[in-house]
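Peer 1: According to Swiss-Prot, the feature ATP binding site maps to G8, Q9, P10, C11, S12, G13, K14, S15, an assignment based on sequence analysis. Feature annotation from Swiss-Prot assigns region 'Calmodulin-binding' to 262-275; the stated evidence is sequence analysis.
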Amino acid sequence: MALVVICGQPCSGKSAAAACLAAALCSSTSDLTVRIIDESSLHLGRNDSYKDMVVEKNLRGVLRSEVDRSVSRDSIIVVDSLNNIKGYRYELWCLARASGIRYCVLFCDTEVDHCREWNTKRQEKGEPTYDNNIFDDLVSRFEKPDRRNRWDSPLFELFPSRDGVMESSPVIAEAVSYLTKKVDSKTRDVKVLQPTIATQTARTTEANSLYEMDKATQEVINAIVEAQSCGLGLPVNKISLGPDLPTICLQRSVGLPELRSLRRTFIKLAGQYSLSGPPPPADADSATRMFVDYLNREISS
């Protein structure tokens, strides 16, 4: 139905805005599904997630992946994070466009001095905060949204330090109206993004890749289990999967729970790698080769 990107400096009132928006949306209609995606919902700490550029990039990848899995035409997803880089907001906009849903940005425009003060007060209360050096770094790299950019539009602006943030705030009400208004041929003030052929093809290709990887890795697991059962519990050193495919080399017997755990980890790693590199293999043989190489390394180590 919609994707809402919360944007602002650290400690600018974003989480309060996300909570108020979600509550106002749920109050507007009883059959609406609203979900907030943030670092804490994924068990990620603030300082650990922003301590350097590598982990920050990984954080954005994890959040983007979770948004990609969650967006649909039946729910409203609220991304409560810094979303401080315009290129990243563009990526989120592309996800909304590929899903054919509404999109908007809710910007918490809070002066840096107030953000710093709120961060200090949280430290005094023992609440989760940003270390001072991390806070200063994030502030210096913030890219303010611009409503002239399609990925920053429509833009709803809140001023938490001046007006506070409440469920009844006029800007919250305006955003709720935009997100829930019924759209017909006469509607002009609400824009539902339309997927392009390119985005539809990309999502289909990714789905096919994940299907092939899931299928191929399960077949490898089945082959190992069958070979070990035929060996009556004795170690099976080598398992052939057929011509032009690598041989599975086992130094010991491997139980089904361990095999399942290795398979889950492999699929997770392949998905994370595809966020910054090439997509997962689209054919079964390539997926099989990758998984067998991974198993041979992990089991022999």
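Every residue gets a Cβ built from N, Cα and C, even glycine.
Quantities reported herein were computed from a predicted structural model and do not represent experimental measurements.
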Peer 1: Cβ-Cβ under 8 Å from C11 (ATP binding site), same chain, 6 or more residues apart: which ones?
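Peer 2: Looking at Cβ-Cβ distances below 8 Å from C11 (ATP binding site), excluding near sequence neighbours, one finds C115, R116, W118, N119, R122, T129, Y130, F135.
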Peer 1: Look up S15 (ATP binding site) in the DSSP assignment and reduce it to helix, strand or coil.
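Peer 2: SS state of S15 (ATP binding site) = helix.
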Peer 1: Say we define neighbours as other CB atoms within 10 Å of the CB. Which of the binding-site residues Q9, S15 has the fewest?
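Peer 2: Each of the binding-site residues Q9, S15 was scored by Cβ atoms within 10 Å; lowest is S15.
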Peer 1: Using DSSP reduced to three states, classify P10 (ATP binding site) as helix, strand or coil.
Peer 2: coil
Peer 1: What other residues of this chain sit with their CB within 8 A of the center of the CB atoms of G8, Q9, P10, C11, S12, G13, K14, S15, the recorded ATP site?
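Peer 2: Leaving out the recorded residues gives L82, C108, T110, C115, W118, P160.
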Peer 1: Near the Cβ of S12 (ATP binding site), how many other Cβ atoms are there if near means within 10 Å?
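Peer 2: Excluding its own Cβ, S12 (ATP binding site) sees 28 Cβ atoms within 10 Å.
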